[in-house]
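Quick notes on the structure that follows.
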2 protein chains.
Amino acid sequence: MLTTGLSEPAREDLCADAVVWASQHGLVYGAGRADLPAALVHAPLAVFPVAYPKASYVKAQAAMPIFNLLIDRISRDSAYLQQTLAPAAEFDDFTANLLRIHQETLSLRETRADKQLTLGLHRSDYMLDELSNTLLQVELNTIASSFGCLSTLMTQLHHYILQRAGCSDQEVQRLPHNQVTADLTSAMAAAVKAFKVNDAVMVMVVQPNDNNSYDQQWLQTVLWEKHRVRTLRCTLTQIAKEAELHESSGRLTIWGRTVAVAYLRAGYAPEHYPTAVEWQGRKMLEQSNAALCPSVAYQLTGAKKIQQDLAAGNTLERFLSADEAKLMRKCFAGLWSLDNLEDPETKKVLKEVREHPERFVLKPQREGGGNNLYGQAILDRLKDPKGLAAFILMQRIRPPINRCLMIREGSSFEVDSLSELGIFGAFLSQGSEVLINKQAGHLVRTKAASSDEGGVAAGFAVLDSPSLQD
Amino acid sequence: MLTTGLSEPAREDLCADAVVWASQHGLVYGAGRADLPAALVHAPLAVFPVAYPKASYVKAQAAMPIFNLLIDRISRDSAYLQQTLAPAAEFDDFTANLLRIHQETLSLRETRADKQLTLGLHRSDYMLDELSNTLLQVELNTIASSFGCLSTLMTQLHHYILQRAGCSDQEVQRLPHNQVTADLTSAMAAAVKAFKVNDAVMVMVVQPNDNNSYDQQWLQTVLWEKHRVRTLRCTLTQIAKEAELHESSGRLTIWGRTVAVAYLRAGYAPEHYPTAVEWQGRKMLEQSNAALCPSVAYQLTGAKKIQQDLAAGNTLERFLSADEAKLMRKCFAGLWSLDNLEDPETKKVLKEVREHPERFVLKPQREGGGNNLYGQAILDRLKDPKGLAAFILMQRIRPPINRCLMIREGSSFEVDSLSELGIFGAFLSQGSEVLINKQAGHLVRTKAASSDEGGVAAGFAVLDSPSLQD
């Protein structure tokens, strides 16, 4: 909206303003230069916020505490998780390994159930569907939900840019308050406090050389500045090799410090477990009494297969009240399992896929993004029925297309784009007692309409923020 | 002091903390990568503050308003400037050009004397001399005094690091408050306000692709955020080619905006004037009614030749009261002109140079750092008397040596080091009325003791801050 009506010099000035502000305020990525590892570059970003219907935004916020509860309740139903995910595990070693650890630690965790802290920092991602005029869930992330801190900064950047552009106060106030950094760190600090061990730390489990480490580092900085909680960064390999687990108590220590919270920004993709050692590290976390963010059960609950199962049958009603289930169901896009290709429902939808492949996405069940299939690629994949159970078929959402002025690595360009809204959730429980359950701010990612993949880090999308419209 | 007594892992953690904090908070440089111009890297920095005698620091602060006044008074004595600098101009085209512009604009500026705004943002640099136990002035910068904003951030970084290192509150409180960014931008805003033209802007005159642009950009960001004053960045070439000067009023406009303040972060070195066009741009500034920071007269007043003249004779007493002159004189290191090699005083000091070259520095008179001669290089240069008038001979100050843990481009190393203290000054006058005259915070730069050159930007020194000791 704002990109039109500005003179070319004014646009250039605002682009320069955005790059400078982002670089000054830590809205940055690692530049990924082997010859200069300390180099940074501003995060890819949209210069102006994207117009977004206020009603949809408010609905997504209201849904988040229910999603938090839903995840927690499903995660406690071990039999349901094992049973529902077994078919996927046949074709997916990654899910199989998670299920194995989940099974092997069941009894251990049951004995600690009363005292066990569970920390959930989720993000539910949506797209507007223009056809149905509804907000549909794309993904529910229960592990390593990222961009919370950079998104908090994006809101501040858009404040700055709108003021620099001479917009009215009314226009500036359409940017909703965004408190992700504060809310996530408060929940982490609450978990550390509830752990009740002096000087216990948070361990952030990371991948080495992650270019998005500044989004993570902001959590560490604020956790220290506001709550005086220290964070140790380590890899799953280091957990396996350098941490100690005290078997009877479950106390986990590393480098001489007791771990109150293990916050995973790694472990969501098969490549994070190159050897058995990393799986051993993951299992040690699961055996510990630390508040896990997430537990294996939380991670499994976020599997696309579970999402599909909730969308398909009456499972949702087993975990939520009728009213809550109804509200949730409105957010679900069409999702179909490919476990049984002879199932009449499956046959019916596959017929539609063959006629209109552009209405669908074929998604692998495991986490980490990438490798979604569209159009002809779906048809090609369907020709070979082997391993199809590891995929989920999903209704392709058709979001509105907006012009977006983007900047990447200092260069600006204007493209047709579509936007994805993420709502963060924070949840903390001890045994069956819920200590925190709230929505925790938002993230908007905008990508070129011609690009079929998400993932700002992969360079296909930019950080954005919503300008709420009545 | 703090570098000892820490375990190796603790030191490594604090180094990592420093790099992350600096990168998050805009304590950065341009990385200078042609293939990724938007890339940044944390500024080179000292992990811990350097111990500094409180009495010396307080004395330097107290001296700053007197220096501000001294510069202003000298700058108004055109005959003195022309006469004192004429010998240097013979060997130095740069000084000659400044003197020419100064002469050519004399009558013009005299007609506006009552209303003319003058903005001085100076920095007086000192070193402790261990031998005499005094603080001696190294340089008085009247143009493009840099690192003010990064130094403000350095103080905040050292606060953070001392707290992370578990230092006592008492230890943390030894870091003096540092308000350079706020004070410089307040003085700029006051100049714009006193200019009394709606929507007038500040022009920041810069060199293209300056890696230290973030120090400059912080002034722009804060000037906007706190004072709602816009800054246009342009080069001397752009001034010459794209600005318009309204001859009768002196009003300078560029890109449709009236210039209230011209703040120079370029123009202090011969290479900033590759052609006559840049000198033409500089003259246009001088002909305008904008508040110049600095005017050519201010810049000339900062010449080392003037510093030498003030140190040598009774000139100081012409511009200051006896008490003020006495205070100033205590700050002056020994300085000798080489205008007249037959002068008995000069002969005497040259004899000492030949016996003890290690006690002296041979400095070119023009601004911009670099090319100082030491030791044998002084003796070699003295062999050829031609052009020696363009140099100033200076007592070499012997500062205390401290161990310093430095980080550059993400890598840390510990070295013997020496530190230079800079005190910023802010001065604003309209005609003969002084509107602002204050010290405006500090800068400490620390360099490896084995390096003979300053200049953080050149990679020889790091940003630091003082921990005041009784």
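Positions of Cβ are set from backbone N, Cα and C atoms, glycine also.
DSSP classifies B:Arg123 (substrate binding site) as strand under the three-state reduction. Annotation comment: TrEMBL describes B:Arg123, B:Gln216, B:Arg445 as substrate binding site.
Every protein chain considered, the tally of other Cβ atoms within 10 Å of the Cβ of B:Glu139 (Mg(2+) binding site) stands at 19. When secondary structure is read from DSSP and collapsed to three states, B:Glu139 (Mg(2+) binding site) falls in the strand class. Taken from TrEMBL, the feature Mg(2+) binding site applies to B:Glu139, B:Asn141, B:Glu367.
According to TrEMBL, the feature ATP binding site maps to B:Glu139, B:Lys304, B:363-372, B:Tyr374, B:394-397, B:Glu420, B:Lys447, B:Glu453. Taking the Cβ of B:Tyr374 (ATP binding site) as centre and 10 Å as the limit, one finds 14 other Cβ atoms among all the protein chains shown.
If you look up TrEMBL, you'll see B:200-300 marked as domain 'Glutathione synthase substrate-binding'.
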Nearest of the binding-site residues (B:Arg123, B:Glu139, B:Asn141, B:Arg445) to B:Arg396 (ATP binding site), judged by Cα-Cα distance: B:Glu139
Shortest C-alpha distance to B:Pro364 (ATP binding site) - which of the binding-site residues B:Arg123, B:Glu139, B:Asn141, B:Gln216, B:Arg445: B:Glu139
Other C-beta atoms that fall within 10 angstroms of the C-beta of B:Lys447 (ATP binding site): 23
Rounded to the nearest Å - Cα separation of B:Glu139 (Mg(2+) binding site) and B:Tyr374 (ATP binding site): 17
Euclidean distance between Cα atoms of B:Arg123 (substrate binding site) and B:Lys447 (ATP binding site), Å: 18
Same-chain residues at least 6 apart in sequence whose Cβ lies under 8 Å from B:Arg123 (substrate binding site): B:Leu140, B:Asn141, B:Ser145, B:Gly148, B:Gly422, B:Ile423, B:Phe424, B:Gly425, B:Leu443
Per-residue pLDDT averaged over the domain 'Glutathione synthase substrate-binding' (B:200-300), given as an integer: 96
Largest CA-to-CA spread of substrate binders B:Arg123, B:Gln216, B:Arg445, angstrom: 18
Cβ-Cβ distance under 8 Å to B:Gln216 (substrate binding site), same chain, at least six residues away: B:Ser146, B:Cys149, B:Met204, B:Val206, B:Asp210, B:Arg233, B:Arg265
Composition by DSSP (helix, strand, coil) of residues within the domain 'Glutathione synthase substrate-binding' (B:200-300): 42 helix, 26 strand, 33 coil
Local Cβ density at B:Asn141 (Mg(2+) binding site) - other Cβ atoms counted within 10 Å: 21
